[in-house]
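Asker: The structure is given below, and queries will be raised subsequently.
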Amino acid sequence: MDFITQGLIEAFWLLWHLDPETLSAIIITLKSSSFSILCALIIGLPLGFALGYFEFPGRRALKLLSDTLLAIPTVVVGLIIYALISYRGPLGQYELLYTIKGIVMGQTLLALPIIISLTAATIEGMDRKLYLTLLSFRPTPLQMIRSVAWELRHALVAVIVTAYGRVVAEVGVAMMIGGNIKWHTRTITTAISLETSKGEFAMGIALGIVLISIAFAVNLFLHFLKKRSRG
């Protein structure tokens, strides 16, 4: 118990005297996770809307695939992206391996099934009367998506929070694709793994507190937006 208490005390001391290395890991984490979620939203929201709204051949198979990928291990995603962007892979010429761009690719792939599946489920649970009301205005497909997204904005906030939580806490993709390079691709999770393996328990706790604080801040911000939109 003294070991844990001492670790907590040292962790708070380290946070109070924030060093450049820790700050770098925080910035890289925020940068990679934010871009990943943005890319996943741009791709995943329209696909989720299509799966939840339209009837077409193969729809059930695609939904099953998306739902199955919800549980895909992060190391498998890392392996797939590694095979694509490694120097012998089809995208090797772009030199994305061991870069933040490579991490963003992996984390986007990780977040996509969450956004697609949860958006589709949200659309399917929408009141059919609202559909009929919207259709009476004869909207274009883009207008329809925007209108439905606005009506379901509170549920979509939960989708974003869930996807962000998955991305910001993962370690497999960041480790395999980023390589945990100091000042360049070292994220909070890979730093926790490294520091704990070195026996730096206090630093691991400090970084863990930062990670929890980021997750809390994101949830608080989205909760504020939800409350404000309700008036």
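Heads up, the Cβ atoms here are built off N, Cα and C, so glycines get one too.
Just so it is clear, the model here is predicted, and its values are computed rather than measured.
Under the heading domain 'ABC transmembrane type-1', TrEMBL lists 26-222. For 35-56, 68-85, 97-121, 155-181, 201-225, the entry in TrEMBL reads transmembrane segment.
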Asker: Can you tell me which recorded stretch out of 35-56, 68-85, 97-121, 155-181 has the most Cβ pairs within less than 8 Å of the transmembrane segment (201-225)?
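Answerer: Answer, by Cβ pair count: 155-181.
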Asker: Are the transmembrane segment (68-85) and the transmembrane segment (155-181) close enough to be called in contact, which here means at least 3 C-beta pairs under 8 A that are separated by 6 or more residues?
Answerer: yes
